[in-house]
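Enquirer: My structure is below; once you've seen it, I'll send some questions.
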Amino acid sequence: MAVTSLNPGLQDALWPCCSCCRQIWLPSLGQFSPQCLGVLGHIPFWTAIVTVAIRYGARSLWNAYRPVWLRRFAAEKDASPPSVSDLEPGTGTASAGKSWTPWTFSLLLLSVGAIALGSVGAAVWPEYAQLCLASVIPNFISCLILVLERPRTVPGAVFFINSVLLLTESIVLTLIPNGPNVSSENSPRTLSWAAGVCLPLVSLVLMLNMPLRDPLLDSTSIGKPFAEPTHTARSPEDMITLWQWMTISWMAPLINLGYKRQLHNEDVWFLSYEFQHNRLHMLFREITGTVFVRLLKANGLDIIITTALGVFEMLLELAEPVLLKQLLAVLTSEQPGIRPALVYAAITLFARLIRTQSGVFSLWYCRRNYERARGEMITMIHEKTLRRKAFTFPSSDERRQEPPEEQTSPSAGISTATTLTDDESSNHDSDTDSNPPERSKFQRFKSLIHRRYTNLRSNQAPPSSPEPTSSSPASTGKILNILRNDAYEVAQRFWEAPNLTTRPLSFLLSLVLVWRILGPASLSGVLVLLAGMALNVLLTRLLLRVERVRRDLTDAKLQRTSEFVEAIRHLRWYAWQDAWLRSVMESRGAELARRVQSNVVVKAIATVNSLAAYLFPVAAFWAYTVLSGRPLTVDVAFPALDLFAMLQNSLRELPDLVTVLLNAKVAMARIEAFMLEPEKEDLDGDLMGGGGARDQDIGPLGGLEIVLKEASFSWPGSAKVVLEDVSVVCKPGLTLACGKVGIGKTALLQAILGELDQHGGERTVPREMIGYCAQTPWLESMSIRENILFSTGYDKTRFEQVLDACCLRDDLDKFRCKDLTLIGENGVGLSGGQKARVALARAIYSRARILLLDDPIAALDHQTASAILRNLFADRNSPLTAGRLVILVTHRVDIVTPYANQVIEVANGGRVETFDREELEINREELEHLAEIASAAAHATEDDGSATAGEEAEPVPDKFIEDEHRAHGGVLASVYWQYVKAGRLRWWVTMIGFFLLFRVARIGYFWFLKEWGEQYRDRPGGIYRVHFAGFGGNVEDLQHAVTSHSIFQGNAASDQNWLDLGRYLPPPSTDVRPWLVGFLILSLGQVLTQVCSDAALVVIIYKAGKNLFERAMDGVSNATFRFYDVTPVGRLMNRLTSDMGTVDGQIAGQLMSVAWYALGWLSSMAVISTVTPSFLVISIAMTVMFVLIFDRFLPTSQSLRRLETVSLSPLMSNFGTLVEGLTTVRAFRAEPHFQNRIIASTDSFQKFDHFFWCLQAWLQYRFDLLSAVSTFALTLTAILSGLSSGTVGFVLASASNFVQSTHSLCRKYGEMQMQFVSVERVIELLGLDQEPRGTVSPPASWPHYGDDIVFDNVTLCYAPNLDPVLTNVSFIIPGGANVAVTGRTGSGKSTLALSLLGTLHPDPNTGGSIRIGAIDLASVDKDALRRNITFVAQDPVLFPGTLRDNLDPLDERDEAERADVLARVLGGSGSSFTLDSRVNGGGKNLSQGQRQLVGLGRAILRRSPVVILDEATASIDGETAGYIQRLLREELRHSTVITIAHKAEAVQDADFEIVLDRGRVVRAAPRGARLERGL
């Protein structure tokens, strides 16, 4: 084609003539039209003009008026001023942007040089003035920007101008004929033009190496790029160059370190500035609106950026089929040529490189959008939890208008309150019911003391109360679910925000392109897709129904599993674990059955999608060839297949998009509802201040007085009043609060703290920190010192005083690490008394002027309790209690009253009566006499134990809770083998077999299409020969340089090739129907093999999940008790729920994907190597590069994922701990500390997630880059091999599959390694040390009621590395005895009791033994032992359900027996306490005393030959405890009853006593009349 040269004038040089540009692009030649030279040359000019106009014209208006959601959120430059050292000397102002830097000056010189070069070129070669002057104006504008701004960071405007200039000049140089001719005669002009291209390239290289962050900002805390990573430094992201950001090369130090060894927390940088949650939370709090609106305002800019990048990448992806069509078209044209094909291949490469770089930017902004949205919601939900009303307290469904029922009973004795809420307002005893004559207040108070130490004669049944109902707006489990699942669901949608635009747009554009290729025939294919979608709508509805049921069953299974794990100790003490395990497995079986149904429906949907996907081209090609009568040539078929795949994917993703949006809407609604829950009224406005030093909260100090005046209260969320018309005035000094069990004492303290809903009256409490000690000690998993300090400063003198006052000194002296000893989850490493004293010490140590102490001495022996009270209150000028207002709730009124200024009695109906000091003083002598009686009785039980100066604390290890195991390196092959075996080997073989058949059908599919397209050619399909400008010489020489042989070369070979389908089928131009039928058969074959492989996968998922869960639960249920000591419940639940959920859902699919892509890789390599042997070398080289890159990536990614998994447990555990101790936290005003701690935990968790995805971006960039280059190399190989156009299309399709398979195989293998970490963690449970089951099967009647219990030289310790708890213990307990085991707190009493359950065995080195009758407990079957021994703990575990379920979980007794025990322990026939009364999880709707009564009811119902009571009445008032003791004596008169107690009345009728001290037996003998002599 002849092209005339251009000689434009000066006017044309400045303003192009577009009228000459009839056709911009010439497809057959692969070049721009020469007439468009002027238009292209002026693109940089207009780009520069528009850039300057926007930057300096619209920028100020944009900054002033743009909405909030388009502003940068939490940007560093908005908050961080330059450091002092960066200020200009003598000015005091920062010089940012005004001084020249080497980078800026170099850019200026390059721009000036480009101006000079362009001007000289226009003068020397006027005929090319238009091209030479194209760069002058853009470079001049760049100079102006550089001179005016002198930027220290990458100048965005200059970078953009130079990028457009470089692209334009490169296009002019390569794709426009008769541009600057490259020849020896024009070498000066050629060199000048090349220099003009190189100058913007050099400028871009300079800018790529300029920093993104202003160097004047303080960078001392930022990790330097390529320096050793450390957790003390911020991420190098904050000071990297543009090139380092684009290539993610700044991750190299972490990758290198992770490649050498396992990473630890100390090896990973801290989060970069814009990701730190402290700032994010502070700024997010200031945004107004709903949660969704706030999230949009904070992350709107990221959504806009990611959407724009997504649309850009989608357009580049859609361009590839178009370019492929053009490439194949030039090869099938009448004059095929190499040059146009190479041009299209190069353009495709360029588009993929641009898409690769855009993918890096898109992933970074999507991750920022996701991470910040999730972090903002986590910290927001946590702060709301700190503020909301404590709905974790039990509440009632009763409405406000229904007045409390006044029920009475003719019986004296036990409190019969059903719940800690409703029944506290409805407790009535016999005094109320029988209308006795009015007594003085002191007479009533005196009876409280006297009743505790006099025998109860009445055998009347206890009174009753109404049955409660319980509801709460958001339980702890729901809050954790919102935090973990709903927040993730919403944040994930922010990550996928571009899909809202790109998926519909991709569908429309794909449809347009298919229409342009196939015309109206494409509609038939679209109809097939629509029919498939319609069918899938029905299947999706079915799936939703199945999933709804499946989720309910999963929730039930998780609930049962959670209850099982939390109560595993108690279940095994009663030998109930097998029955509970069967219940869990039944729930699991039901869940798996529904999961199979769900998977079948999912696979049915996938089958319909696959069928539609394969019938789409069949229908479209049928319409195109049969109805339209057009030939299906190669250049139509292969591009159409690519577009079909894109269109089908887009159409399939649209329903998924709707589904995930609906799920996100539901999750957002749950979050919004939670955020709207009512808050505690008197909270401070800011929970983010300080966090550690709360001393300022008590000043300036006002009057110290608590006043309740005619106030009524109910539990949060309940309309029923629990305290009615309360009038109390408390002033500095000790106030004693007392009353019967469940009467409302705790409610009174909660009302003072403001935790209850107030209904009328006045409540006046100083707004300051309050030292609160809960009835059930709330401790954190940290050291004793940290629990006592509770985030306040360490004052050594005061700390030592508190230790002495709370009698903790002797305990700490026996610990290896003293007060630095770690105590484990909820203080599991301490005895009950030690936990109570640590919690008391926390309140005493605080600087709070008000102390609210809820029965902290209940679990203490009399001597220790008396000593603590004496230390704290005997001296009115004590530095620890002087001037403080103290309200102490207790049943032990006898030892507290001498120190009390007033006594508050919580009476029936929620009323409160006060006994002031004057009344107490008047009757002081009688009170002292009663106290002496009680003290003498208590001393009689403990005189031998008190002879020593201290007590032997049960030792704990330096690190009680073991660090969670984290495997090193890759997942072991044994883990994969374990999973494969769990799914049954034969099913894996079946699945892989169908994979192979699918790959065969897939190859045949593309080969058939290639043959079909080539059969339309009139000439034989052989080597195309072309000689085109730019490629001199014979093409055969070039072809033979690439490949020396191909089975598809040569006409003769083609004629005799058995793969030539033209030999078997008629020409498609004559009869196309056989070709359509063959294409249909191959399509259906692929669908069939895929369906069969999916079916095998469903079976594998079911069998593997069932097998692993059964074995894991069996391992946990029979593990040693030491495992429960050192393993937090949260950690174990994480493995049995989260990790097991991964096993159920994703693992098998990951293995299937790896096998799928491995077979795809092998088949693609084999096929293409056969077609083009030279490909084998290239493919091996590319595969090696993929593997080398992946090998660098994998170790670091595994370390980061494991660290993330481990760091998630503390985040959730801390949150659960906070919810349980929320009242304590708020009383101490420690909300800032806990909010800051959750922020730190979120930072720790998200930093591993952040750098894991940065590492994924590092891998994605290199894989995509290598994929683009690989595809280009394979395309060149196919083009230069001299293959037919059909074979080229087939090779390109196979090459694309090869690259995708290689890329995906590495990625899926990495994902599989990550996912198999969950399998690894589950399989670790299979190898837990198991408790010896015992080899001796005792007779069914063992133990007999008269069997003695013999301890013979027994030494007990909890672990081989720990000191003994009991040493050389020897005694004999007579059969049928009523045994009292006493001793100071921590002396080993509970250890002795546990040894009778077989949880501890004598040290084999000492040769000791424990026998019941003639049978040694070390060898007896443990289940048989525990079925016949009953152990009642101080804090019995109750399960959600009814009282029937809790009294007799195994349904071993008849209804009459259960009802009788209920009537005798918890209420008479007239009470509303029935077997059907509901019990909440953990018995939280019962008071502590009521829970103990349920535990005692179990013992009475079982009537075991041996019954062990471990402080089983510690939280029960004296009158009720006396009644229970009489009941136990009556019901268990033939049993050996071993009672561990500190209260005198609990053991006053014992006929045998064991006194322990320092782990040794001080006395073990019949008790005789010692108590009477003491009295």
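A Cβ is built for glycine as well, from the same backbone N, Cα and C atoms used for every other residue.
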Enquirer: Pick from 157-178, 333-354, 597-618, 641-662: which range has transmembrane segment per TrEMBL?
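Expert: Per TrEMBL, the stretch marked transmembrane segment is 157-178.
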Enquirer: Examine the ranges 39-58, 239-258 and name the one recorded by TrEMBL as transmembrane segment.
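Expert: Result: 39-58 is the stretch TrEMBL calls transmembrane segment.
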Enquirer: May I ask you to indicate which of 103-122, 303-322, 1143-1162 is given in TrEMBL as transmembrane segment?
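Expert: Based on what TrEMBL states, transmembrane segment spans 103-122.
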Enquirer: By Cβ distance under 8 Å, which residues at least 6 away from the ends of the transmembrane segment (987-1008) in the same chain are close to it?
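Expert: Contacts of the transmembrane segment (987-1008) (Cβ under 8 Å, skipping residues fewer than 6 from its ends): 980, 1059, 1061, 1075, 1078-1079, 1082-1083, 1085-1086, 1089-1090, 1092-1093, 1096-1097, 1099-1100, 1103, 1152, 1155-1156, 1159-1160, 1163, 1167, 1290, 1293-1294.
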Enquirer: Report the listed stretch (39-58, 103-122, 157-178, 190-208) having the maximum count of Cβ pairs within less than 8 Å of the transmembrane segment (128-148).
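Expert: Most contacts with the transmembrane segment (128-148): 103-122.
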Enquirer: Using a Cβ-Cβ cut-off of under 8 Å, list the residues of the same chain that are 6+ residues beyond the ends of the transmembrane segment (190-208) and lie near it.
Expert: 103, 106-107, 110-111, 113-114, 117-118, 120-121, 124, 131-132, 135, 142, 154-155, 158-159, 162-163, 165-166, 169-170, 173, 180-183, 241-243, 246
Enquirer: Using a Cβ-Cβ cut-off of under 8 Å, list the residues of the same chain that are 6+ residues beyond the ends of the transmembrane segment (157-178) and lie near it.
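Expert: Here the qualifying positions are 3, 5-6, 30-34, 36-37, 40-41, 43-44, 47-48, 51-52, 55, 107, 131, 134-135, 138-139, 141-142, 145-146, 193-194, 196-197, 200-201, 203-204, 207, 242, 343.
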Enquirer: Across the domain 'ABC transporter' (706-933), what does the mean pLDDT come to, as a whole number?
Expert: 84
